[in-house]
Amino acid sequence: MTFCTKQALAKQLRLYFVCGTTDASDLVATVKTALLCGVTCFQFREKGKDALYGDEKEAMARTLHRLCREAGVPFIVNDDVDLALAIDADGIHVGQDDLPAKQVRERLGPDKWLGVSVHTMEEVRTALPFADYVGIGPIHETQSKLDAGQVRGTELIQQVRRHHPLLPIVGIGGIRPEHVPAIMADGADGVAVISAIASAPDVATATRRFACL
Ligand code: 3NM
């Protein structure tokens with residue numbers, strides 16, 4: 001799944017569900033429901049002490065990739081270039097402590113998406129020649145990433161948008177449906193969400209609340 005324009009990619013990032021087995025009690029069921037209820041992009045982020053690895057991680061990735069393909073939703077792998085290449089994922093997302101964007105791009109080739117988490121304008125500048133989109137956070141306080149750092153609000157989103165009118169941007173971190181209009185108004189193309197969907201008592205209703213905004 002490749003997109004020729006930044007505008008098309010930006011649209012696809014509108015409701016970006018990020019999840020791994022440690023975030024949801026039943027990951028496959030959660031992703032199936034979220035796909036049915038309106039997520040526009042999915043990232044398999046398998047992190048934490050009880051996370052799957054090796055063959056089990058790859059098998060889970062293949063299952064989720066198939067579900068995403070059936071739903072017409074891009075499947076992005078977090079921080080595992082070997083896995084992304086092995087299963088022909090649509091792209092990869094890396095943070096600042098992962099393999100540098102330049103090296104990821106060299107390994108991925110030009111056709112797959114590369115997303116990079118950024119926290120400063122300097123990190124944006126470094127990522128820009130290689131990244132298709134940037135993730136900016138934490139916008140609000142998050143329980144899902146222990147080393148997420150200080151809460152930033154949308155200041156960096158506004159700054160990046162001023163300097164890079166066409167760069168696809170997603171906000172992340174503690175985002176609930178009621179936050180979405182302000183984040184989008186401040187320049188984001190979409191929101192990336194873990195717990196507000198994965199930990200919701202009713203995944204379908206939670207996803208629809210985001211999707212209809
Ligand atoms: N990255 P939730 S915050 C994976 O700030 C991740 O870069 C962040 O989960 C960043 O929606 C975060 O449950 C966790 O807060 C987002």
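Cβ atoms are placed via backbone N, Cα and C, with glycine included.
For 15-197, the entry in TrEMBL reads domain 'Thiamine phosphate synthase/TenI'.
Phe44 (4-amino-2-methyl-5-(diphosphooxymethyl)pyrimidine binding site) carries a strand DSSP state (E or B). The annotation 4-amino-2-methyl-5-(diphosphooxymethyl)pyrimidine binding site is assigned in TrEMBL to Gln43, Phe44, Arg45, Glu46, Lys47, Asn78, Ser117, Lys145.
DSSP gives Asp98 (Mg(2+) binding site) a coil state; it is part of no helix or strand. Long-range Cβ contacts of Asp98 (Mg(2+) binding site) within its own chain (separation 6+, distance under 8 Å): Asp79, Val104. The annotation Mg(2+) binding site is assigned in TrEMBL to Asp79, Asp98.
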Protein Cβ atoms within 10 Å of Glu46 (4-amino-2-methyl-5-(diphosphooxymethyl)pyrimidine binding site), excluding its own: 22
Tertiary neighbours of Lys145 (4-amino-2-methyl-5-(diphosphooxymethyl)pyrimidine binding site) (same chain, Cβ under 8 Å, six or more apart): Pro138, Gly173
Cβ under 6 Å from ligand 1: qualifying binding-site residues of Phe44, Glu46, Ser117, Lys145: Ser117, Lys145
Same chain, 6+ residues apart, C-beta under 8 Å of the C-beta of Lys47 (4-amino-2-methyl-5-(diphosphooxymethyl)pyrimidine binding site), given in sequence order: Gly20, Thr22, Asn78
